[in-house]
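Worksheet for the structure shown next.
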Ligand SMILES: Nc1ncnc2c1ncn2[C@@H]1O[C@H](COP(=O)(O)OP(=O)(O)OP(=O)(O)O)[C@@H](O)[C@H]1O
C-alpha cells in the first residue's frame, strides 16, 4: 500500500530566474510582481542550486529529506552535468553562454516534446498523445505485466507448489505434446516467482535426465557471466525429483509474451504465411531487412559466446525467442554443455561446436528466408529461390555459412559490417522514439499527487459549515477552480471534456505560475481574478490543515 504520506511530498516551488547573470530581477519583472502583491522568490544561489534541484526530484517522489539553506554542497562539484566551455582555453568564449544565464530551474509545467515528431501540429495544437504513451506501447507493456503476474491455480494440483526457491509455476508451453527433438529429452518451460527476490523467472525442465557427474553442472557458472542483449541470461541449474521423475531444471530470465522463431515463422499463425503451405520455397514474403536483423543479432550473440570460449549449440527456430519488436535472444544456452559435457572438455571440440554454430545459423536463415523449415533438404532449389528474391550479399552470406566455408565468427562479423551499421541505426531510431515516449509520462506522476491532494481537500462534508469555504471565505476559489478545470461548459451548455485543458491547468497550478485566470461563481453572479500562485498556496494550506488534524 502507498503511504498517505506520499501526497505530503514537498510541493514544487519554481523560482524566478533571469537571464542577466545576476540575482537581480529585471525592472519589468519587479513591477509585475509588485503589482501582483507577491514577494519575490529568493534569488538563486549557484552554490545551492544544483543540489536543491537534485534534491527536489527526490522530494517530489516523497522520498527525500528536507534540504536546508545551509547546504554547503557546491554545484560545480558535480562533474557530470556542469557544462563544459569548449572555447575557454582559446579566449573566444564571448559567444558561449555562461552557466548563470541558463534558465534554472526548468519550467516543469511546460511540456516540450522530443523528436521524432510523428505528426506536424500547429504550435497551439495539442493532442492527447502529446501527454501520454501511445496506446500500442501502453497496451504491449500492460499485457506483458499481466502475463508476468498471471497465476494458474488450476495447475497447482499437477505441478509441485515450489522447487528450490521458486513457486507458483505456470506452464509456458503452448502444447502438451512434447518432442525430445532438440535436447534428446522432453523439455518443459514454466514461469515461476523467486521467493528470494520476488521476480519472475523461466524454468526449463528436461524430463528424465540423470546427472552422472555433479561437476558437469558447474559450467553454468561460466554461462552466467555471458551477458548479451541477444541471449536469455541463465542463472542456475539443479536436479530435482519434485516432478515425480528425475529432472534437471535450468533457470533463465523470463521474457513475457515472447514467441519462438518457429512459432513466428512456421507456427499455426505465422507472421509471414507461406501461401501454399508446402515444403517448397514461396514468394518473397519475409522482408530482407528482417532477415539481416536476425542475422546481425544472432551474430552478435555468437561473438560474445565464442569470445567466452563457449559455443551456443542451440541455433534452432524453437530456441530463439522474439521478445519484443524485432528483438531476438538465444534461449536455452548452456543446456547442451551440461547434458553432453564431453564436448566442452577440449579446445578442439569447442572449436568444432563453434563452427557448427555458424553452419546452424546458415540453415536457420535459409529456412526462414524460404519460409519453410525443410528448406535445407532442397539446398539447390532453396539457393535458386534466394538468388531470385534477395540480394547477392544475402545469398552469398547464407551459402558460406551453411556450407561451413565461414571460418569463424570474427571473420563473419567483418563480412556483414554494413548490415550491422544499418541495424545499429534502426536500433538508435527506436531508442529515440522510446525516449520521446518516456518524456511524455514524465510529469504524470506529479499530477497524480496533485490530484490526490485536490481530492482530499475538495467537497469534504466537514467543510460545509466552515466559513473559510463559504462564498466569502478564502478557500472558495478552490471550489471554483475545480469547476473551471473539470466542469466547464461551452456556449451551448455542453460539457467541455478537454484533457489538454485539464493537464495544462493542473501543471500551472503545480508550478504556481503568476498567470491569472477568471473564476465564475456557479450562479454566474460573481467573478474573481486569481493567479495560479494564489490557488497553489490555498491547496497547500488546505492540505496542511488536513494533515495537522490527522496527527
Ligand atoms: N525465457 C523465457 N521467457 C518467456 N517465455 C519463454 C522463455 N522460454 C520459452 N518461453 C516460451 O515457452 C514456450 C515453449 O518454449 P519451448 O522452448 O519449449 O518451445 P517449443 O516450441 O515447445 O520447443 P520444444 O518442442 O523443443 O519443446 C514458447 O512459447 C516460448 O516463447
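Placed from the backbone N, Cα and C atoms, the Cβ positions cover glycine too.
Under the heading ATP binding site, TrEMBL lists 204, 253, 254, 255, 256, 257, 258, 259, 260, 318, 319. Feature annotation from TrEMBL assigns domain 'Pan3 C-terminal knob' to 409-546. What TrEMBL lists as coiled coil is 418-456. The region 'Knob domain' annotation in TrEMBL covers 457-551.
For the coiled coil (418-456), the predicted model reports an average pLDDT of 86. Scoring each of the binding-site residues (258, 260) by how many neighbouring Cβ atoms lie within 10 Å, the top position goes to 258. In this structure, the binding-site residues that sit close to ligand 1, with a C-beta under 6 angstroms from any of its atoms, are 254, 260, chosen from 204, 254, 260. Overall, the recorded ATP-binding residues 204, 253, 254, 255, 256, 257, 258, 259, 260, 318, 319 cover a maximum inter-Cα distance of 17 Å. In the structure as shown, the Cβ atom of residue 319 (ATP binding site) sits within 10 Å of 24 other Cβ atoms. Counting other C-beta atoms within 10 Å of each candidate's C-beta, the binding-site residues 204, 256 are led by 204. Counted within 10 Å of its Cβ, the other Cβ atoms near residue 254 (ATP binding site) come to 20, all protein chains included.
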